[in-house]
Amino acid sequence: MEHYISLLIRSVFIENMALSFFLGMCTFLAVSKKVTTAMGLGVAVIVVLAISVPANQIIYQGILAPGALAWAGVPDADLSFLKFITFIGVIAALVQILEMTLDKYFPPLYNALGIFLPLITVNCAIFGAVAFMVERDYNLTESLVFGVGSGIGWALAIVLLAAVREKMKYSDVPNGLRGLGITFISAGLMALGFMSFSGVSL
């Protein structure tokens, strides 16, 4: 149990997808103008990661990994070259289901997220978490914990940045830095803050 708690904390703070690996920066910067919208997208990312990482782990270990098809009588088969397109297909299917659900039950949030909701499909934070899962050879439980933790970490980062940007609307920001300029600086300072967690040993 201690191992899973450690993995969760590490994936939220120490190995934050947005502020440590700088993954998913396009939506991170574009949707972080309002806290409510950022929270909505953050929850969507948590849901997609919590499902896609363990789902892709099952597919990879059961079908694509070298020797995974031993149960089918072909122990020498290696379909790992199909992993990228398979992972993207699974992520795209999950995002499509999420998009239809939000459109039906949460229209205001669906309209607020706009084009950025389908862009979760190509959000490199989602694919990055799946790729890390394969590289680190996580089992199913570890994949679930890592997916949830990575989603929470990314959501935390975008909500914090959105809160900072809302405050900056009423600040005296120099003309040359208004907009994305001060946003990049703020995100960089947040990343420096999260970097302090890198010395924590779990």
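Including glycine, each Cβ sits where the backbone N, Cα and C put it.
Lifted from Swiss-Prot, the feature list:
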{"type": "TRANSMEM", "residues": "11-31", "note": "transmembrane segment"}
{"type": "TRANSMEM", "residues": "35-55", "note": "transmembrane segment"}
{"type": "TRANSMEM", "residues": "79-99", "note": "transmembrane segment"}
{"type": "TRANSMEM", "residues": "114-134", "note": "transmembrane segment"}
{"type": "TRANSMEM", "residues": "144-164", "note": "transmembrane segment"}
{"type": "TRANSMEM", "residues": "180-200", "note": "transmembrane segment"}
Contact set, same chain, for the transmembrane segment (180-200): CB under 8 Å, 6 or more residues outside the stretch: 13-14, 16, 19-20, 22, 28-29, 32, 157, 160-161, 164-165, 168, 173
Cβ contacts the transmembrane segment (144-164)/the transmembrane segment (35-55), at least three under 8 Å, sequence gap 6 or more: yes
